[in-house]
Amino acid sequence: MSKETDRIFAQPLAQVPDFAFNEDVVRVFPDMIKRSVPGYPTIVENLGVLAAQFAQPDTVLYDLGSSLGAVTQALRRHVRSEGCEVIAIDNSSAMVERCREYLNAQNSMFQELLPVQVIEGDILALEFKPASVVALNFTLQFIAPEQRLILLGRIRDALVPGGALILSEKLRFDDEQEHALLTDLHIAFKRANGYSDLEIAQKRSAIENVMKPDSLEEHRQRLLAAGFSKVVPWFQCLNFTSLIALP
């Protein structure tokens, strides 16, 4: 399937709308996220590797906020535990439609993949089945802050012994100098990937009202409050991190 170049914010906009995962974003999403999130391909592929270590037979592997299904595809490539299935859920109809197309293409290229359900829905309303792996890959930051602990508690309750939550997020930093440095370095990363200053500024204006990052310590304390016993950072590149949370 062809992948288009992200030019959504390339022209000056009189009024920058709030960012939304609509058809325009879906069309360029693979290019957008690769050029915007340092280490994204590494996180996604290794999410599958990590999941294979925690997957338990006859359980569900959840991809919450699955977008185009990159994590779901990685889970299916790496996990071989008997009786497992992947459930991918996203609230964007455009994302869900395209995700199903990508997964159908994956089915045609590989054999013996885990079965998968792709659901259009709200992860806050999801009735969890017993799960051994839950992936929240740059999803929690788009959920209302007051709902985050509730969701994590429900995930913790659904996890079976030996399972894990894998949480990837953009970080903010309480230290002003550290925050400014890593923000500037992230801007440099995006410039190096071909984004103009106009694109960077307009994307920031679009997303600042819908994405609310937390600090690493806020994530750690919230996960512990939700009932997780251990929080282990396994990846960080600039102001992006991924954590393993054990029940």
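Note: Cβ is positioned from N, Cα and C throughout, glycine not excepted.
The following features are taken from Swiss-Prot:
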BINDING   Tyr40, Gly65, Ser66, Ser67, Asp90, Asn91, Asp122, Ile123, Asn137, Arg204  S-adenosyl-L-methionine binding site
Subject >> Site extent for S-adenosyl-L-methionine, whole Å (max Cα pair distance, Tyr40, Gly65, Ser66, Ser67, Asp90, Asn91, Asp122, Ile123, Asn137, Arg204) >> reply: 25
Original post:
For Ser66 (S-adenosyl-L-methionine binding site), which residues of its chain lie six or more apart in sequence with Cβ-Cβ distance below 8 Å?
Top reply: Thr72, Ala88, Ile89, Asp90, Met95, Cys99, Val118
Original post:
For the binding-site residues Asp90, Asp122, which one has its C-beta crowded by the most other C-beta atoms within 10 angstroms?
Top reply: Asp90
Original post:
In sequence order, which residues at least six apart in the same chain have a CB under 8 Å from the CB of Tyr40 (S-adenosyl-L-methionine binding site)?
Top reply: Ile33, Lys34, Phe240
**OP:** Just jot down the residues in the same chain as Asn137 (S-adenosyl-L-methionine binding site), at least 6 apart in sequence, with C-beta under 8 A of its C-beta; none if empty.
**Re:** Ile43, Val44, Leu47, Asp63, Gly65, Val71, Ile166, Ser168, Ser242
